[in-house]
Amino acid sequence: MGVEGCTKCIKYLLFVFNFVFWLAGGVILGVALWLRHDPQTTSLLYLELGDRPAPSTFYVGIYILIAVGAVMMFVGFLGCYGAIQESQCLLGTFFTCLVILFACEVAAGIWGFVNKDQIAKDVKQFYDQALQQAVVDDDANNAKAVVKTFHETLNCCGSNQLTALTTSVLKNSLCPTGTTPFNSLLKEDCHQKIDELFSGKLYLIGIAAIVVAVIMIFEMILSMVLCCGIRNSSVY
């Protein structure tokens, strides 16, 4: 009776954890879709400078997050059903899926940590190249359109204070409306704005990944304990 009571307790506890896991998958999927269609990043990362598209490394991480969120919802449902049915087969499948998902999350986390600075660096290089062409070449209409989009989206002008001053004096039409040489020095430069844009979003992704990893560890433990409890109760 004691074993059965303990098994029931673990069963409902695992169900609750799986329901939270399912909800977390939905939240991550929603956040990933929001990041994918965020007006600021979309307007910048859809730009093209001649034949060169804007860096897409950021979107690689977003697509991984979308896939993880969808799989989490499926695995969470599988875990809930397996816990209620007290099925060792379903719980074993659930545990295997969790291990695979956890390994993928660790791999994605390592990839994100390695590339967290590279994403902003690539976007800044893309912007600098466009700014250089726009300032030097009066006929570089494509480069001017790219720079103008960066400036209007991020409300900045120039990669640093010197280029901000130079651009506002020589090419004021490239700066946001109302920019003067004086107030251009008081604003944050575009490099700082790019860093803030991507670091904030990567920080949000990192928090979500840590929370999910903690839930997954508890679920793996509980699913194995429940499997053992079901096996022992069937013996008695």
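From the backbone N, Cα and C atoms, a Cβ is placed for every residue, glycine too.
Positions annotated as transmembrane segment by TrEMBL: 12-35 (among others). Sequence-distant neighbours of the transmembrane segment (12-35) (same chain, 6+ residues past either end, Cβ-Cβ under 8 Å): 41, 62, 65-66, 68-77, 79-80, 83-84, 201, 204-205, 208, 211-212, 215-216, 218-219, 222-223, 226.
Summarising the annotation, TrEMBL assigns transmembrane segment to 56-84 (among others).
Residues or ranges marked as transmembrane segment in TrEMBL: 90-114 (among others). If one looks beyond the transmembrane segment (90-114) by at least 6 residues along the same chain, the residues whose Cβ comes under 8 Å of a Cβ in the stretch are 61, 64-65, 68, 71-72, 75, 78-79, 81-83, 202, 205-206, 209, 212-213, 216-217, 219-220, 223-224, 226-227, 230.
C190 (disulfide bond) is surrounded by 27 other CB atoms, counting those within 10 A of its CB over all protein chains shown. Annotation comment: TrEMBL describes C156-C190 (among others) as disulfide bond.
Look at TrEMBL and you will find C157-C175 (among others) tagged as disulfide bond.
Residues or ranges marked as transmembrane segment in TrEMBL: 202-226 (among others). Nonlocal intrachain contacts for the transmembrane segment (202-226), taken as residues 6+ away from its ends with a CB within less than 8 angstroms of a stretch CB, comprise 7, 10-11, 13-14, 17-18, 20-21, 24, 27-28, 31, 35, 61, 65, 68, 72, 79, 82-83, 86, 91, 94-95, 98-99, 101-102, 105-106, 108-109, 112, 116, 119.
When other Cβ atoms within 10 Å of the Cβ of C156 (disulfide bond) are tallied across all protein chains shown, the result is 23. Here the disulfide-bonded residues are C157, C175; the one with the fewest Cβ atoms within 10 Å of its Cβ is C175.
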